[in-house]
Amino acid sequence: MIDQYKHQQLRIGPVSPQQIRAWANKILPNGEIIGEVTKPYTFHYKTNKPEKDGLFCERISGPIKSGICACGNYRVIGAEKEDPKFCEQCGVEFVDSRIRRYQMGYIKLACPATHVWYLKRLPSYIANLLDKPLKELEGLVYCDVFSFARPISKKPTFLRLRGSFEYEIQSWKYSIPLFFTNQSFETFRNREISTGAGAIREQLADSDLQIILNNSLVEWKELGDEEVIGTGNEWEDRKIRRRKDFLVKRMELAKHFIRTNVEPKRMVLCLLPVLPPELRPIIQIDGGKLMSSDINELYRRVIYRNNTLTDLLATSRSMPGELVMCQEKLVQEAVDTLLDNGIRGQPMKDGHNKVYKSFSDVIEGKEGRFRETLLGKRVDYSGRSVIVVGPSLSLHQCGLPREIAIELFQTFLIHGLIKQHVASNIGIAKSKIREKEPIVWEILQEVMRGHPILLNRAPTLHRLGIQAFQPILVEERAICLHPLVCRGFNADFDGDQMAVHVPLSLEAQAEARLLMFSHMNLLSPAIGDPISVPTQDMLIGLYVLTIGNRRGICANRYNTYNCRNSQNKILNNNKYNYIKMKATYCCSSYDALGAYRQKRIDLDSPLWLRWRLDQRVIGSREVPIEIQYESLGTYHEIYRHYLIVRSVKKKIRWIYIRTTIGHISFYREIEEAVQGFCWAYSYVI
């Protein structure tokens with residue numbers, strides 16, 4: 001699909017019936033709308049031509065041969081003549097046969113069918129959204145129980161039951177069909193009783209996502225208060241924790257539906273899309289035998305059962321209601337097998353006891369459509385190596401080993417050597433590269449400075465699995481990566497490998513610079529949450545950097561750790577050695593960092609740093625812990641985390657804060673980042 005900015009993109013998610021019709025429907029010159037597959041046939045056994053309205057129908061999917069209709073008439077594709085685009089006899093469009101790779105059809109289901117991915121996969125999205133046990137929903141979907149759901153009509157209901165599930169009275173399942181006549185039971189069933197996937201669809205259609213979000217949040221807060229108080233019963237406390245975890249998942253699911261603007265009722269199918277014929281082919285092999293994709297057989301199974309249900313509903317006045325519900329169950333099972341064979345237990349097999357490959361089997365795993373066909377090809381100008389952390393790199397940079405860089409950029413390097421008259425021809429340039437002369441590395445750095453590279457970590461599950469970086473030459477044999485980009489790749493530094501690709505064309509380089517650079521992909525494309533966040537190594541480093549060594553004036557007057565910047569006196573008290581420290585005073589952060597570089601203080605050693613006058617400190621009502629007077633009349637008011645130096649006239653001369661070198665370094669990094677952002681923002685404006 002193409003968005004409003006003309007960017008090609010792939011979006012996977014529930015689709016509305018209107019969108020499925022828009023994908024498949026075509027209007028013939030006579031006004032007939034085609035696109036629905038109604039027959040379970042593929043090719044005629046005598047003519048070997050696709051059956052009309054079947055799974056390989058040329059009217060729906062396009063011609064088998066370019067420009068030739070089913071009648072055999074030929075017309076030049078793209079001719080400027082005002083000839084009709086469709087054949088008047090067979091209704092086949094005169095287009096290229098490649099249309100059969102993307103032109104879809106659809107099956108209009110006689111009854112709604114739940115999408116098995118959203119019902120049976122764990123966690124079950126439908127069960128979480130409706131707050132119902134999965135076992136009860138399965139009984140409802142597969143017509144094992146009834147549901148007294150909200151009636152379709154707005155008139156008073158027969159039993160005065162609205163918007164609630166009933167599973168307790170199992171005898172109704174047998175008593176109601178026997179009590180009513182067929183016609184009366186049909187009227188009662190359509191008005192009062194909802195069963196199958198239709199009941200799920202009604203419940204999902206009536207669900208307000210914002211109300212679900214608010215109610216779940218209120219319940220989560222109430223359970224949090226109960227958990228703090230405690231019930232005294234371990235079993236009840238465990239139930240509360242499980243319920244809280246469930247509510248968190250339910251709120252996250254509701255947020256995802258709201259952000260992506262997807263209606264929950266789309267998880268129940270009314271129209272079943274039919275894949276293009278070229279993606280589920282029938283091939284003729286030696287001996288005249290045919291080999292068909294398993295998906296064709298599964299589609300035929302769905303159409304057979306769906307047509308049977310349509311006939312039963314057309315004559316429902318003479319058909320028992322239980323027979324109709326049994327056929328609805330068969331349709332639901334056929335749709336489940338098509339989407340994910342074996343997800344409900346025993347998979348469906350053919351006559352040779354071989355399991356059918358469903359749609360899920362075709363696209364998932366290493367041998368699936370995405371990973372094997374689209375993402376699993378080996379290409380030139382690519383390499384692979386282990387990734388390690390690069391703490392000195394910027395967010396948009398990556399460290400590229402020399403051995404990999406000199407191979408990937410060899411073509412550009414040869415061009416640079418010849419252009420700068422270092423080599424007269426390609427042979428001499430290659431010999432200089434093999435000898436690895438110093439001039440080679442200088443030109444290589446110039447080439448890499450203007451050429452981005454692409455890093456990819458398999459499996460590429462979303463677009464952040466491939467990002468662009470500015471390469472930097474490193475001496476190591478591993479690729480150095482900034483730790484902030486690891487979450488987008490779902491990577492860590494325990495032996496993961498990444499592939500390196502070089503974009504060659506100007507269009508690819510422009511796309512890498514404008515769209516794929518790592519500093520331009522800070523938010524998740526799915527839900528909009530920040531994805532470049534500190535994790536693992538960075539969190540541990542920040543913790544060690546800012547933990548300090550017993551910060552606070554009381555804990556630091558006598559410290560068991562060594563202090564290098566002052567004269568220390570060792571005191572023996574109760575067989576423990578204490579060191580009486582002289583406080584370290586620094587006029588600025590530069591003085592503090594200089595003292596650290598000279599190894600006069602440690603990274604976590606507490607010190608007093610002169611700070612700007614802060615009205616919050618001046619107006620504070622905190623009582624000083626200690627007051628120290630000097631011989632000239634000045635005195636120090638020492639508080640827990642700051643110190644005020646006053647003159648004889650009690651005026652504030654300086655304010656010192658209690659901090660460490662780690663805090664100072666962290667603060668300066670944040671300050672420089674904010675200033676750089678403000679400068680860049682003002683430059684853009």
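All residue numbers here begin at 1 and follow the chain in the order shown.
Quick reminder: no glycine exception, Cβ is built from N, Cα and C everywhere.
The number of other CB atoms found within 10 A of the CB of Cys87 (Zn(2+) binding site), across every protein chain shown, is 22. Under the heading Zn(2+) binding site, Swiss-Prot lists Cys69, Cys71, Cys87, Cys90.
Sequence-distant neighbours of Asp496 (Mg(2+) binding site) (same chain, 6+ apart, CB under 8 A from its CB) are Val386, Ile387, Arg457. For Asp492, Asp494, Asp496, the entry in Swiss-Prot reads Mg(2+) binding site, with the evidence type sequence analysis.
Sequence-distant neighbours of Cys69 (Zn(2+) binding site) (same chain, 6+ apart, CB under 8 A from its CB) are Glu58, Pro63, Arg75, Cys87, Gln89, Cys90, Val92, Phe94. In the three-state DSSP scheme, Cys69 (Zn(2+) binding site) falls into the coil class. Within 8 Å of the centroid of the Cβ atoms of Cys69, Cys71, Cys87, Cys90, where the record puts Zn(2+), the same chain has further Cβ atoms from Ala70, Gly72, Asn73, Glu88, Gln89, Gly91, Val92. In this structure, Cys71 is the one among the binding-site residues Cys71, Cys90 with the smallest number of other Cβ atoms inside 10 Å of its Cβ.
When each of the binding-site residues Asp492, Asp494 is scored by how many other Cβ atoms sit within 10 Å of its Cβ, Asp494 comes out lowest. Within 8 Å of the centroid defined by the CB atoms of Asp492, Asp494, Asp496, the record's Mg(2+) site, lie the Cβ atoms of Ile387, Ala491, Phe493, Gly495, excluding the listed residues themselves.
The two recorded residues, Cys71 (Zn(2+) binding site) and Asp494 (Mg(2+) binding site), have Cα atoms 63 Å apart.
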